[in-house]
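Engineer: Sharing a structure below in structure tokens format, with a few things to ask.
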Amino acid sequence: MAASMRLLVRRVIRLSHRNINVTAAGVSARSGCCLGPSSCRCFSDDRSTHFGFETVPEEEKAKRVYKVFENVAQKYDIMNDAMSLGIHRLWKDTLLHAMHPQPGARLLDVAGGTGDIAFRFLEYIRSQQERQKRRAMRSMQTPSWQEISNNYSTEDEDGPQESRAVVCDINKEMLKVGKQKADSLGISAGLSWVVGDAEELPFDDDQFDIYTIAFGIRNVTHIDQALQEALRVLKPGGRFMCLEFSKVTNPVLARLYDAYSFQMIPVLGEVIAGDWKSYQYLVESIRKFPDQVRKMSPQFCPCYFGRGYDFISVLRLSHDYHTLFFCSPYELKNLILCC
């Protein structure tokens, strides 16, 4: 056992040396751009975009992103825990608490992958229902045992089925892993899995109360089109919620993060998942994504400044390393029109 551990440590050190020459280049600003070449079509005349630090034709990016997540699907959840030291769970919990969904809500989780957000949504709904049930029980002064029994017997019939979570992802392998995880956790009621593209969602208009996309929007080729689709499928009064990486503003923490992400994350990918290149891309894609927002909208479109659209809510997490922003369909429409 000790010999195996020594071999593993030597392998990690050797692999880390291979990555010394990787640089953490930032995004170069372009006049009039909104989200970089990876989103709004007004960015480049040659229809090129970024795949990590590479510049590739637009039609090639989706294929390459698909391949990345196809390769990492089986080890995706393990790597999330390893890369973030488990903190990604807290970020997702924060998303759910900000969402505060009520029984009957319909969720669409785009780029939902292995189902983390959907699972939390359904569990949160069940907790809300239990809380409401206990509150109703306390309001009854002397309920009979029959009334108590009737109250709880309707839970499975009218509870979770009222709320639905749809996990939509373009990658079949990620959804396959998510379904396996749902089966192992015993989660089935109110949960659906759909293969679909964020830029062309396979749903009718006005179907969902909440649209979420966590750590996925930076992988979309045309972000403006994905926002249009989010607006289309949301009901009037619904909510758009996005959790994504952002620029670390503290210079000391920024240097530490760069050292960790570029020197260690690809190494972890090689050791745990046997895939250096996919995790090198994930690190680069984070760096190429636009800088930290001041009020959400500037992150997606600099020309949004000064237009009075300051009502989009923002939560900054983990020393500004992550940003959670959320808005109504009306606010989302203004954002899209700006782009």
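In case you wondered, yes, glycine gets a Cβ from its N, Cα and C as well.
Take a look at what TrEMBL says about it:
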BINDING   Thr114, Asp169, Asp197, Ala198  S-adenosyl-L-methionine binding site
REGION    135-161  region 'Disordered'
COMPBIAS  139-153  compositional bias 'Polar residues'
Engineer: Including all protein chains shown, what's the count of other C-beta atoms within 10 A of the C-beta of Thr114 (S-adenosyl-L-methionine binding site)?
Structural biologist: 23
Engineer: Near Asp197 (S-adenosyl-L-methionine binding site), which residues of its chain come within a Cβ-Cβ distance under 8 Å, counting only those 6 or more away in sequence?
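Structural biologist: Residues satisfying the criterion: Ala62, Ile170.
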Engineer: What count of other C-beta atoms do you get within 10 angstroms of the C-beta of Ala198 (S-adenosyl-L-methionine binding site), across all chains shown?
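Structural biologist: For Ala198 (S-adenosyl-L-methionine binding site), the 10 Å Cβ neighbour count is 23.
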Engineer: Name, in the order they occur in the sequence, the residues of the same chain whose CB lies under 8 A from the CB of Asp169 (S-adenosyl-L-methionine binding site) and which sit 6 or more residues away.
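Structural biologist: Correct list: Val110, Ala111, Gly112, Gly113, Leu175, Gly178, Val195, Gly196.
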